[in-house]
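Notes for the one structure printed next.
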Amino acid sequence: MQASVSSLSISHPNSTFPSNIRLCGLRQEALRIHSVSQLNKRESRRIRIVSRKSCLQKRLVSVSASASENCGPPKSFDYDLVIIGAGVGGHGAALHAVEKGLKTAIVEGDVVGGTCVNRGCVPSKALLAVSGRMRELQNEHHMKALGLQVAAAGYDRQAVADHANNLASKIRNNLTNSMRSLGVDILTGFGTILGPQKVKYGKVGFPNNVITAKDIIIATGSVPFVPRGIEVDGKTVITSDHALKLEVVPDWIAIVGSGYIGLEFSDVYTALGSEVTFIEALDLLMPGFDPEIGKLAQRVLIKPRKIDYHTGVFATKITPAKDGKPVIIELTDAKTKEPKDTLEVDAALIATGRAPFTKGLGLENINVETQRGFVPVDERMRVLDANGNLVPHLYCIGDANGKMMLAHAASAQGISVVEQVTGRDHVLNHLSIPAACFTHPEISMVGLTEPQAKEKAEKEGFEISIAKTSFKANTKALAENEGEGLAKLIYRPDSGEILGVHIFGMHAADLIHEASNAIALGTRVQDIKFAVHAHPTLSEVLDELFKSAKINASVTEPVGEPVAV
């Protein structure tokens with residue numbers, strides 16, 4: 001759940017010297033003169049000696065001044081790389097940086113792991129694991145079909161909540177230990193950029209510390225977005241941060257927003273006995289999904305369950321329950337802006353997305369202006385200032401830049417940035433980054449939806465084709481009595497390029513990676529159709545999907561020479 005979210009990354013210096021060689025101005029000038037004028041050896045040696053002394057003097061002055069002056073970048077550094085934010089994105093960047101030989105520090109003002117580990121992906125999957133078991137045990141028809149007899153299923157709310165909390169704690173400790181064991185300095189406190197290549201950090205009430213770094217990565221993530229007019233009390237009107245604590249399972253809960261977060265929590269709450277009402281501002285539920293997949297998912301995930309919904313409306317005012325009164329939700333028509341209805345429920349979950357956490361970063365010190373709170377970056381995650389110019393040695397990854405608000409996207413962006421600062425240009429293909437919704441069954445996707453692909457095809461002048469396969473034809477799915485599901489491939493028949501893959505069904509979140517890796521590597525349909533899949537496995541859903549695609553005859557030959565074994 002999450003999101004990290006969130007792009008592209010990386011560039012290399014224009015210098016002819018490796019990026020890890022630091023030269024003061026005089027030494028650079030000496031080398032330039034030497035190459036042009038062919039100085040004699042004695043004169044060249046004298047200049048080198050002078051330049052070394054000058055360089056040492058400048059470094060000593062820089063070290064003493066860097067803690068108090070913000071007028072310009074330092075000439076020597078405490079670290080090669082400083083990362084502000086220790087979520088999944090920052091953690092991934094830190095580990096890759098150490099692997100590349102960079103002296104690295106990570107600044108964290110809250111707890112290691114960020115949103116994903118502590119208030120998002122990790123604890124939500126613990127709750128969804130419980131809801132999946134409960135849903136299976138409660139499905140009498142499913143159990144009988146397998147020849148099983150199960151007594152009435154129940155649950156201990158506190159034990160379920162403890163499971164989620166314990167998992168988050170375990171993963172958080174694992175992340176911390178992995179960084180410390182590899183030599184990453186974990187600096188506690190909120191990080192602020194003082195100026196070029198300078199960061200201060202510290203706790204409230206304590207003196208600040210100032211450090212310098214050759215390169216800085218902003219990885220501060222996001223927080224739940226709460227629209228105006230909604231009063232959150234943390235008890236009856238809650239965000240996903242509160243919901244993951246599972247302090248109560250309400251009889252009737254309204255969920256504002258039917259995206260990933262809302263859908264996953266509807267799965268949890270209905271499995272534990274709640275009734276759910278969705279409130280969606282757009283005309284259709286699940287607006288971010290491929291329409292065909294969304295339609296099927298609604299038939300399976302919403303209609304049979306204790307869920308109703310209002311679409312095309314805003315929750316313009318929500319008042320928490322108090323003095324014996326329920327939660328009051330005032331609905332307004334999204335088009336006419338006229339009052340439409342009033343709901344009285346036991347609780348309301350605000351699942352309207354997330355907002356970047358970028359306040360207090362000191363961006364004004366480097367002339368950077370956020371856009372709707374997001375830090376502007378180019379395709380290589382390099383930060384842009386208010387004039388659209390690159391800010392040297394400063395990058396932003398993950399939810400804070402808004403490119404793709406997914407935890408694994410943040411990690412990929414961080415790794416990409418580290419590749420850049422160590423001299424290897426790398427641009428991340430965001431169309432190859434998969435996303436998943438961990439409902440039961442799951443939904444996953446990578447690349448373009450069908451409407452997006454049609455728009456691109458019309459603009460660029462090519463045709464698209466669609467291929468589909470059903471889980472009902474898969475032996476493993478039928479053995480599990482889980483035949484409800486669909487896989488969909490969107491591709492170019494003229495070249496075999498994979499434009500998008502969407503899956504709804506058992507373990508869809510795991511299956512999507514064959515498609516995402518194919519897109520990342522530029523693998524064409526006519527090539528991947530020759531890949532071999534174990535039988536009987538769910539992976540054969542993808543095998544049949546690729547085999548069913550019809551490619552123009554002129555491009556059907558596989559790439560590469562056959563290998564005899």
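Using the three backbone atoms N, Cα and C, a Cβ is placed for every residue, glycine included.
Automatic, uncurated: that is what TrEMBL annotation is.
Just so you know, the Cβ of His535 (active site, proton acceptor) picks up 10 other Cβ atoms within 10 Å once every protein chain is counted. If you look up TrEMBL, you'll see His535 marked as active site, proton acceptor.
The NAD(+) binding site feature in TrEMBL is assigned to Gly257, Ser258, Gly259, Tyr260, Ile261, Gly262, Leu263, Glu264, Glu280, Gly353. The Cβ of Glu280 (NAD(+) binding site) has 23 other Cβ atoms within 10 Å, all protein chains considered.
Per TrEMBL, disulfide bond is recorded for Cys116-Cys121. There are 24 other Cβ atoms within 10 Å of the Cβ belonging to Cys121 (disulfide bond).
If you look up TrEMBL, you'll see 79-414 marked as domain 'FAD/NAD(P)-binding'. When pLDDT is averaged over the domain 'FAD/NAD(P)-binding' (79-414), the result is 95.
Feature annotation from TrEMBL assigns domain 'Pyridine nucleotide-disulphide oxidoreductase dimerisation' to 433-544. Secondary structure of the domain 'Pyridine nucleotide-disulphide oxidoreductase dimerisation' (433-544) per DSSP, as helix, strand and coil residue counts: 42 helix, 29 strand, 41 coil.
Comparing the binding-site residues Gly257, Gly259 on other C-beta atoms within 10 angstroms of each C-beta gives the minimum for Gly259. Each of the recorded positions Cys116, Ile261, Leu263 was assessed for Cβ neighbours inside 10 Å, and the highest tally belongs to Cys116. For Leu263 (NAD(+) binding site), the spatially nearest entry among the recorded positions Cys116, Cys121, His535 is Cys121, judged by CA separation. Our reading of the NAD(+) binding annotation (Gly257, Ser258, Gly259, Tyr260, Ile261, Gly262, Leu263, Glu264, Glu280, Gly353) yields a largest Cα to Cα distance of 15 angstrom.
Taking the mean position of the Cβ atoms of Gly257, Ser258, Gly259, Tyr260, Ile261, Gly262, Leu263, Glu264, Glu280, Gly353 as the NAD(+) site, the remaining same-chain residues with a Cβ inside 8 Å of that point are Ile255, Phe265, Met286, Ala351.
Of the candidate recorded positions, Cys116, Cys121, Gly257, Gly259, Ile261, the one lying closest to His535 (active site, proton acceptor) when CA atoms are compared is Cys121. With respect to their backbone Cα atoms, Gly259 (NAD(+) binding site) and Cys121 (disulfide bond) stand 15 Å from each other.
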